[in-house]
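Okay, so here's the structure we're looking at.
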Amino acid sequence: MTETVLETDGLTKRFGKLTAVDDVSLSVADGEFRSVIGPNGAGKTTTFNLITGALSPSEGAVRFKGEDITNVAPHERVGRGLGRSFQITNVFGGLTVRENVRLAAQSVYSDEINPGEALFRDKNGFDEIAEQTRTVLEQIGLRDRADEHAEALAYGDQRRLELGLVLATDPALVMLDEPTAGMSSEETQATMNLIDEVLSDRSLMLIEHDIDLVMRVSDRITVLTRGEELASGTPEEIANNEDVRDAYLGGVRE
Amino acid sequence: MVAADFIEQLLNGLTLGMVYVLLAAGLSVIFGVMDVINFSHGELFALGAYFSLSIIAPFGAGTGFWIAIVVAPVAVGLIGAAIERTTVRPLYGRDPLYHILLTFGLVLVTNDVIRLIWGTQQRQLAVPEYLSQPVSILGVQVSVYNYFMIVFAALLAVVTWYLLNRTKYGMIIRAGSQDREMVRNVGIDIDQYYTLVFGVGAALAAVAGIVLGGYQNVNTGMGNSVIIPAFVVVVLGGLGSFRGAVFGGLLVGVVQTLMRAYSGSVLATFGDTTLTVPNLEGLTVYLLMIAVLLVKPQGLFGTRGEESDGEGEILVGGYGGVLADSTRVRLGGIAVVALALAPIAILFMGDQYYLVVLNEILIWAIFALSLDIVMGYAGLVPLGHTMFYGVGAYTAALIMLHYSQSVFIVLLGAILICAVLAWVVGSLSIRVSGVYFAMITLAFAELLYSAVFKFDFTGGSDGLLGFEALLGLGTVGESLSNIEFGLLGYELGQQFVFYYLALLIAVLSFLFARRMMNAPFGSVLQSIRESEERAEFIGYDVNRYKRRAFVISGGMAGLAGGLLAVSPSTVIISPDQTLNWIHSGEVIVIALFGGMGTLYGPMIGSGVFFGAEEFLSSYTDQWRLIIGTMFILFVLFVPRGIVSIPSLVAQRLETANNADGAVDMDEPDVRSDD
Ligand SMILES: Nc1ncnc2c1ncn2[C@@H]1O[C@H](COP(=O)(O)OP(=O)(O)OP(=O)(O)O)[C@@H](O)[C@H]1O
Ligand SMILES: [Mg+2]
């Protein structure tokens, strides 16, 4: 029996009258590849926001590596190994690609940097950070474009940089919100390969609209509709689930 | 008679409150709909009063007043609409910072036009005789004019409310303030309505100006004196909320008036203990504002979330590839050498006054540099930065008067006290973001400004004088003003010694800041400016970084203030010279003008600003008009500041070579992150 890395307990978020996430209790095992699917507005991103701390839940709790993190600040969660990407690309547009990745890598080491160094030592003079930056740039295939400003990159490249920012923080659980949104099918394939390859030794939560792809790559799948958890299970279980077929696969699928 | 007296004060308070309501209604709706922080609102208010002066003159007070109260607001409304069309419109969607710069320029221009046309002496606005009679109702005696003001302003407020809430135009405007895009999507040209809103807001301000002008008097400082209370009202009530403006206006008017009347008086006596009203006149409204912002950042009636929309972008300056790094370093070196040699040239010219100007430039270069650390790098816009400059100056003067005259101890003291102050203010303010952060720092600055008038140890409104710095440690050392030595037969004095001290400190401050920005700490600040959310989600405690940046910046601004006090040409440290909100505006303008986010840009900005002021004021009295116009042109055409000019020029040349194709002046692609 593998350990549980993430658990949510009755997670609920209300925006005024709308209940965007309704009593969701998930459990993600260590090393698991978990996909979250559901129609637009089902509450997938909101669930991610609750787990990562971007929003605080109306009710319920989040446990990460056995500790209750419901009231822990977002940056602190990142420090404990919870990394995330955004559905809408969110990179440091005015900084170079290298600096983007370097900043994420620096955050991992910031405990080891003393105040004097933090204020006065050249940011490029830290060997471990530079090493980590190089590795990640290599992984996401942006080494040749490292000196360009992030905002000057093509859309697909920006999505990969978004992924790189998560990788560089060296997370135990990686939460990716539609990393392939808006990509061509080749780009999607390349990105999925990248995800498979570099994240194979970590736990992963993925929001994704492409059902075929999800069926292929996931260990388990959670289906959300109108904020509620409709079903969770292996790809076969989900594919054979009556409720899911009625509510989602047969119906509103785009 | 105590009760009658109280009611009289209450009426006075309501009268003043009504003026605030008229002012704040326009200000608040303009912000709510267009996200524009309009500093020039106070000058439009003054313009209303001045127009009335000219209209009343030929007709006499009897009929002239009534003509004026209709015609002047219409005229000011048209001017407001014209201002919106020509200058504000191109800036929609930019960070509110640019509106500050723009409307600050408008303040200078309008104020100078008023001086030019109507002169600088205080004038009396004639009101019909039957309005200025005192009347006594139920034993309460005030002038008829009070009742007139209250009723007339209330009527206007009701009409405005009706227009906003019960007409089609009002509905569209309110919908637009909720969601601009949605209104555009249903095919309504919301931009047309902006002009209308701006014009009506200006007209309301003009009415307020006329009404208050008749109550008190008309002077060139009247706009400046109401704009900050008006902002307090808007923030208290909730940015964009009309109801909030009405409630906040009355509240501030009444609280201000009552505190003025009753500060220090006995409330009640219980046996031996007497309960007195604390002597907090002038402080109360700011304390109120800070309290409200901390508890309910969106104001009492505000509905917007505390997060700023984040649609605007702060444009940092930079050469962006046109000049190589090495060229830039060389240019910097040349500038320092030139500055080091400048006194020799001045010596031969024989006019030491230029040295005084250079000293001022250096002090403000450090001040503007300190602002750049928080504004250009961490993306925080403090509207009260002069509090550190002022407190630094006061601290330095007090240390010299009471403890030590050593320059080094004095400056160190100023830095430390301001760093502590910045930590306190920062801890409280950084929890709110965007415009609310700007406003809460403004409130703190105004609080300190009002406070120095209250205390003996700060010298009240006279300020502090009689201090002197020694160049040395402890009590040994040479008095700065005694140092005189000769060189080649020329007399060299205190100004020279101070100049080199200031130059050294300015260069060291720059090197310190540059080092910091190239180190891990500074790099995180830049990431926060780019995307606060992203910085948080790669693991940085954003608030802690902001607070530290604020402390460093506050300490450096305190150093600039301390230098001001130490300077031999400073005889007196007064509230207006150091703590007036105008200086907070000026330093933002200087930083933007030079080019934010570059460190050297704001320092260059200081040089150009004070150089231009000095140069222009020796030729013309209308130098404010010229500088104001310059700001307006800059914010419209060179938003990244002076330092972006080389790349703008290069871009021009390139497009000229490539034949046709217009240059996108607003968004030149010249960012750099050194
Ligand atoms: N901050 C917010 N305030 C109010 N309502 C919100 C907020 N965030 C999300 N919602 C609402 O909550 C519901 C769930 O939104 P969410 O973004 O979680 O959906 P999603 O499953 O990620 O959809 P998509 O596939 O389109 O990304 C939606 O109806 C959305 O409008
Ligand atoms: Mg989503």
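Heads up, the Cβ atoms here are built off N, Cα and C, so glycines get one too.
Feature annotations, reproduced from TrEMBL:
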type     : residues  : note
TRANSMEM : B:18-37   : transmembrane segment
TRANSMEM : B:44-60   : transmembrane segment
TRANSMEM : B:66-84   : transmembrane segment
TRANSMEM : B:96-118  : transmembrane segment
TRANSMEM : B:144-164 : transmembrane segment
TRANSMEM : B:331-349 : transmembrane segment
TRANSMEM : B:361-380 : transmembrane segment
TRANSMEM : B:409-428 : transmembrane segment
TRANSMEM : B:435-455 : transmembrane segment
TRANSMEM : B:496-513 : transmembrane segment
TRANSMEM : B:587-611 : transmembrane segment
TRANSMEM : B:623-643 : transmembrane segment
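Contact between the transmembrane segment (B:496-513) and the transmembrane segment (B:18-37) does not hold: fewer than three of their C-beta pairs are under 8 Å, each pair 6 or more apart in sequence. Stretch with the most C-beta contacts under 8 angstroms to the transmembrane segment (B:18-37), considering only B:66-84, B:144-164, B:331-349, B:587-611: B:144-164. Remote same-chain partners of the transmembrane segment (B:587-611), defined as residues 6 or more beyond its termini with a Cβ less than 8 Å from a stretch Cβ, comprise 97-98, 100-101, 104-105, 314-318, 332, 357, 360-362, 364-369, 371-372, 375-377, 381, 383, 385-386, 389, 506, 510, 513-514, 517, 529, 627, 631, 634-635, 639-644, 672-674. Against the transmembrane segment (B:623-643), stretch B:96-118 has more CB pairs under 8 A than any other of B:96-118, B:331-349, B:361-380. For the transmembrane segment (B:409-428), the list of distant contacts is 290, 294, 384, 387-388, 391-393, 395-396, 399-400, 403, 440-441, 444, 469, 473-474, 505, 546-547, 550-559, 561-563, 565-566: same-chain residues at least six beyond its ends, Cβ to Cβ under 8 Å. Proximity of distant same-chain residues to the transmembrane segment (B:361-380), defined by a Cβ-Cβ separation under 8 Å and at least 6 residues beyond the stretch ends, is recorded for 97, 314, 316, 388-389, 430, 437, 499, 502-503, 505-506, 509-510, 513, 516-517, 522, 525-526, 528-529, 532, 545-546, 549-550, 552-557, 559-561, 563-564, 567, 587-588, 590-591, 594, 596-599, 601-603, 605-607, 609-611.
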